[in-house]
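What follows is one structure encoded as structure tokens, with my remarks underneath.
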Amino acid sequence: MRPAALLLLPSLLALLAHGLSSEAPITGEGHATGIRETDGELTAAPTPEQSDRGVHFVTTAPTLKLLNHHPLLEEFLQEGLEREEAPQPALPFQPDSPTHFTPSPLPRLTNQDNRPVFTSPTPAVAAAPTQPHSREKPWNLESKPPELSITSSLPPGPSMAVPTLLPEDRPSTTPPSQAWTPTQEGPGDMDRPWVPEVMSKTTGLGVEGTIATSTASGDDEETTTTIITTTVTTVQPPGPCSWNFSGPEGSLDSPTAPSSPSDVGLDCFYYISVYPGYGVEIKVENISLQEGETITVEGLGGPDPLPLANQSFLLRGQVIRSPTHQAALRFQSLPLPAGPGTFHFRYQAYLLSCHFPRRPAYGDVTVTSLHPGGSAHFHCATGYQLKGARFLTCLNATQPFWDSQEPVCIAACGGVIRNATTGRIVSPGFPGNYSNNLTCHWLLEAPESQRLHLHFEKVSLAEDDDRLIIRNGNNVEAPPVYDSYEVEYLPIEGLLSSGRHFFVEFSTDSSGAAAGMALRYEAFQQGHCYEPFVKYGNFSSSAPSYPVGTTVEFSCDPGYTLEQGSIIIECVDLHDPQWNETEPACRAVCSGEITDSAGVVLSPNWPEPYGRGQDCIWGVHVEEDKRIMLDIRVLRIGSGDVLTFYDGDDLTARVLGQYSGPRGHFKLFTSMADVTIQFQSDPGTSALGYQQGFVIHFFEVPRNDTCPELPEIPNGWKNPSQPELVHGTVVTYQCYPGYQVVGSSILMCQWDLSWSEDLPSCQRVTSCHDPGDVEHSRRLISSPKFPVGATVQYVCDQGFVLTGSAILTCHDRQAGSPKWSDRAPKCLLEQFKPCHGLSAPENGARSPEKRLHPAGATIHFSCAPGYVLKGQASIKCVPGHPSHWSDPPPICRAASLDGFYNGRSLDVAKAPAASSALDAAHLAAAIFLPLVAMVLLVGGVYLYFSRFQGKSPLQLPRTHPRPYNRITVESAFDNPTYETGSLSFAGDERI
């Protein structure tokens, strides 16, 4: 028995080990046998008890890198970088970027149309979809494909999914009888998200193992364990074609058609998730779908999916934006041969923003930025106080939001205002009605050595016991300067304090209500007048501090008329400075004639309520060749009140429109240059509410003989040749720097009142202009359209030197069109040094005789008679650095007489054509120059004898005697010799 027990001991230990592993008890270190810890998260391997659990979501994409993230995101980004730099666990697969579709916790997309998100996992797919491109760099994980050992034969079926186990999860002992069997439903939770493996159409699935037999003999039992190797070959149907994207930008490409025909089309999902605080922008680069194919785009991350677009609205160049950081695209194609269609989308993350904060009533808001980190600053109008946060900050989230609610501006009931310079006091609820049972006290205190002036903007109290008291002091005991109980009319000039203080009391009873009061205060120095004020108007002054002698001129806002005062007032009286006239008032009056080209018509007493039983008429007149556009911006009148517009200058003209009761914004156009407006209020009732009435803006516009108004174009502007778009008007469109006009930039208004061309657009310039050719060169271009990054290289012809940059590169600019890196070069004639002149050979000559000869010049040599030229008769200055002569200079050698003549004849016969003309010239000069000299000598001798000796040396003897002429006494004779009567000769004294 003892040997038998020893033989059974290994089998019992193996069974015990398998039982412990199947129950997965937690060890002392906190790890279960079937659980592996990865990056701080526990992920469980599939077990039979967990086969129906959802797949655990684990992303394998690297941490999102945002190129231009907000500073508030640095914490999250740094955390992501640290997680990225941490050593990654060795995984049993190598994902691409983006990976094939993995189950994702994105809401509302796990099940659509009651169909599974992806088909049953199979180890074979009919066709591998085209892998989209992304900027994310895939992880380089290397791991040996695991081997799977199973303990039972595989069940029959068309396909199956085989889980991949980690090496440490492989059973090292004989598996128990309850081994996990692959099923059609696919694995449950695993160490990583399950990814369908892409295989060929016909796949041989081999599960290899070793056959081992262990036998234990005993009295009553025998155990045998066998490992079987099985190979299954299956033909798979089309599988899923879906991906997850988590980068800041990437591409979505349509899947390729299956390699074999199928009765089922593709059903593909593309899930995009970017960093929270960013939205997803998808641009349609190209799309071509078959009839019946569908594409839907939805925004995710909210309580419900947000439909964004479908195949009916997806056109090339269209941009779709998801207001959340997640988006999904679903593509359903037709089976072959009809489908699938093709598409190519690009997506990128864009920064989301907070909504523009609501402007408080009786206040305003200024915003630095609507993006996370931006702030909004609220402030109230004079007389109102801010209730709530003055500053709001936009916080980053899936949908950015303000850190607090928008504040409101309220009119406080009482308060102390110290160092009061200029401001307002309004009753609670103003300009609406105040409430009952109020008791409000305000104390106004001016700066040192200054006084206060109070101006009554409005006082409207109920006729019961409501009361307003203003005291000339700082407490309730000070003497009153105004009491609504005792004064029926308001002081137009206002109130002046004798010191630094005013004390204001406002009280209401339990019944009745009205608009209340609005008081304006201003402090002024001793020896100066107070700052004047006109409601619904403006003024200009000659001095900012209003000393004595200051003049002030008033004007009213459009629609108001100056009343009850002078347009110009002056500060007078040095001892007690004061204005010589009270400030005027600007009011919206009933009726009037207006001849301006643009203006405003207001209901009587606007924005205060108009009176009952009024009948007002306004006449508006513009130039004769124009018409009037009426822009009715506010129309809130009673149902018994009537507002009528007449297309002419009296009440007999055609009625343009007649209105009663409230109405929204609308416009009217007249056909003439005049319009008459009539307002009749119901005598029985009156409007008591604030801003009850109407506001009408009018403008002078051209008649109906004009072309339609042309709109502005994005990234550009228009410039018409004249304001009226009549026939012949030319409108020129231009684009901002960095953009160019696409289409005709010049449009003309034609006879039929239509424009000659379609509206152009401004398109971003993505290429440089042609830099042009350079004379005496050729160029090499990298792209014929010269896009950004293109280069142009210039190469000069032989004999020319390039000046400038030989290579030009097209660079992009943020504030303008792309520009070349440099100007186009020039090819200049290459300059060479001259050759030094050569001396003439002995007994010879050279031509020309110069000290320096330019490159390319030629020297000719010749010898004297009786000498023979040995060498080249002509040599050339060869260009170079330095330049040099083509041959050495020749020499002249003496020759015999016979040889001279023979050699000379031979030389002349062999003389090159280029030197024969020169030698002939030399020969002619040698012959004719002596001849010319001899002729000149003979001519000179002849002239000498003919003029100075009185006879010609060439005179010949005559054949007959010359005639004799007697000399008469009367003839003139001036010979001195004959006058003296003597003739002397050399050597004789007397004859």
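Cβ atoms here come from the backbone N, Cα and C positions, even for glycine.
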In Swiss-Prot, Cys877 sits in a disulfide bond; tell me which of Cys827, Cys835, Cys892 is on the other end.
Cys835
For the candidates Asn310, Asn396, I need the one that Swiss-Prot annotates as N-linked glycosylation site.
Asn396
Annotated as N-linked glycosylation site in Swiss-Prot, from the list Asn244, Asn419, Asn433, is Asn433
N-linked glycosylation site, as annotated by Swiss-Prot among Asn286, Asn437, is found at Asn286
How does the domain 'Sushi 2' (527-588) divide up by DSSP, counting helix, then strand, then coil residues?
0 helix, 26 strand, 36 coil
Please give the average pLDDT for the domain 'Sushi 2' (527-588) in this predicted model.
89
Candidate disulfide-bonded residues Cys354, Cys571, Cys796, pick with smallest Cα gap to Cys616 (disulfide bond):
Cys571
Distance between Cys590 (disulfide bond) and Cys529 (disulfide bond) at the Cα atoms, whole Å?
34
Distant-in-sequence Cβ neighbours of Cys571 (disulfide bond), under 8 Å, six or more positions away:
His528, Cys529, Tyr546, Pro547, Val548, Gly549, Thr550, Thr551, Pro577, Gln578, Trp579, Asn580
Including all protein chains shown, what's the count of other C-beta atoms within 10 A of the C-beta of Cys380 (disulfide bond)?
20
Pairwise Cα distance for Cys863 (disulfide bond)/Cys762 (disulfide bond) [Å, integer]
80
Set of same-chain residues at least 6 away whose C-beta sits under 8 angstroms from Cys413 (disulfide bond):
Ser427, Pro428, Leu438, Thr439, Cys440, Phe506
When a 10 Å sphere is centred on the Cβ of Cys827 (disulfide bond), how many other Cβ atoms does it contain?
20
Could you say which of the disulfide-bonded residues Cys394, Cys409, Cys590, Cys892 has its Cβ with the most other Cβ atoms inside 10 Å?
Cys394
